[in-house]
């Protein structure tokens, strides 16, 4: 007799959602399970062979009902009914506990628990989370702090890998530890696996504590960009371990490989991002397929990068960042809503499955426990993170206008969580590796420590230290005008001083984008529209749609679709003669200002 699963939906009322009821019945082996969903049934006899698959379906149902109501796509009631639990225990911790219970139950009934396969993780579960993060990445905070993020992501990850690997090798040389067979290259390989901050774990914890935008973008940006360093280090040390010798040429090729992997992934993402934006120019008559092109080109960018052994995460981020401003200028509001909520739902489900599979894989084993190695790994990960953040921040603050305070440094160091990427890289080690089980046990211990201990204590520590929280406020046209004004002012200051700084190159890029790129990637005459007017038009459209949907405006007003199809009025053009006169006046004034500054000094 095999336990089989029967699902059916029963709508309650018009105002209530459909509820899903699960009933487990015992049927003979090979019986057909009818699963009526909205009066449609289909045979599924091929999934009724083992207990494991049926319980995995039940596990998926449970995880979808324990996701947070903060995710806009899923609205389940399970986790946030009890406020005390949701305010103390992070959602990721609860999902891992559910995975442990499911894995334990599967093992008790005599079946082998499933393991989080690396191909399943990297090809199916990770891309939706990275695409959601890259597509909705806050561009301005990211570009303003990109130097700090790159220092933490590149130099910080290298420091963590070599410090942890070298210290563990020294620990293994102690006779009482009984691990003398682990060599230096094997320890460095393990250090490269546990050195990187995991974006999935950071997202799961930081979105719940609502940390301020600066700290969030520093830690999350580091977790996104350190993928290239982690992949290169992992592949290099794995090859070095197989060969057994390292030459100077190998080190040089490793440095070149890092730039090829990272910049190559960015280039692939930019190409597919431009292709997606160019394709969206011609979808005005078929609005239904607009979200499809966004998902299709993004996943093609990821697969193409992985095909050529480049950084797929970097490709997804670059693709999402590049395509978004042009795609949103071409697609309809309904397509934008579809993309937004489908990405949130997709990434939420993937995140749920990742943490549950971590719990199940922990029960699956096998494990090889060594107190000195496992505890030493946890301690060294904490020490290397703290020393790396303090040392790099000391250098970074010499070049930053807004300095990172001691509180900021503590949160950045304490928020370096490890997650499923480290586990998947460890699982990729061949079965013939003599210390594979020991490495996996240590990796799982580090993940559990960072997610449970650091994840559960970071909220009270943020409140205790009175760290600035994120302000939930909508952007206003007044804020946008003042932001643009300050940008122009700082560009002028840099021009007067003769310094080609951040704002100068930002202005050059913006001019190139308006003059050439928008002309080819944005449909109609929308590319001529100034940014402030486009922002104001978008705000007015969103406000009007919200008022119509809430019933504050009469139904006789134009519908959402008709409002989207209103053609903007042509913007009056400045004649060539007037433009040349304006340029001449500005040029002469700028020259006079430069002469006055030189006379002053």
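Counting starts with 1 at the first residue shown.
Note: Cβ is positioned from N, Cα and C throughout, glycine not excepted.
Please treat TrEMBL annotations as automatic predictions, because they have not gone through curation.
These figures come from a predicted structure and were not determined experimentally.
Per TrEMBL, the feature domain 'Cation/H+ exchanger transmembrane' maps to 84-463. If you look up TrEMBL, you'll see 88-108, 120-137, 149-172, 179-197, 217-237, 249-279, 299-322, 343-365, 371-397, 409-430, 442-467 marked as transmembrane segment.
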> Do the transmembrane segment (299-322) and the transmembrane segment (88-108) share at least 3 Cβ pairs under 8 Å, sequence separation 6 or more?
Replying inline: no
>> Are the transmembrane segment (371-397) and the transmembrane segment (179-197) close enough to be called in contact, which here means at least 3 C-beta pairs under 8 A that are separated by 6 or more residues?
In response: yes
> Okay, the transmembrane segment (409-430) and the transmembrane segment (343-365): do they have at least three CB pairs under 8 Å, pairs separated by 6 or more?
Replying inline: yes
> Given pairs 6 or more apart, does the transmembrane segment (442-467) have at least three Cβ pairs under 8 Å with the transmembrane segment (120-137)?
Replying inline: no
> So what's near the transmembrane segment (120-137) in sequence-distant terms, Cβ-Cβ under 8 Å and 6+ beyond its ends?
Replying inline: 199-200, 203, 220, 224, 294-295, 298-299, 302-303, 306, 312-313, 316-321, 323-324, 339-340, 343-344, 346-347, 349-351, 353-354, 420-421, 424
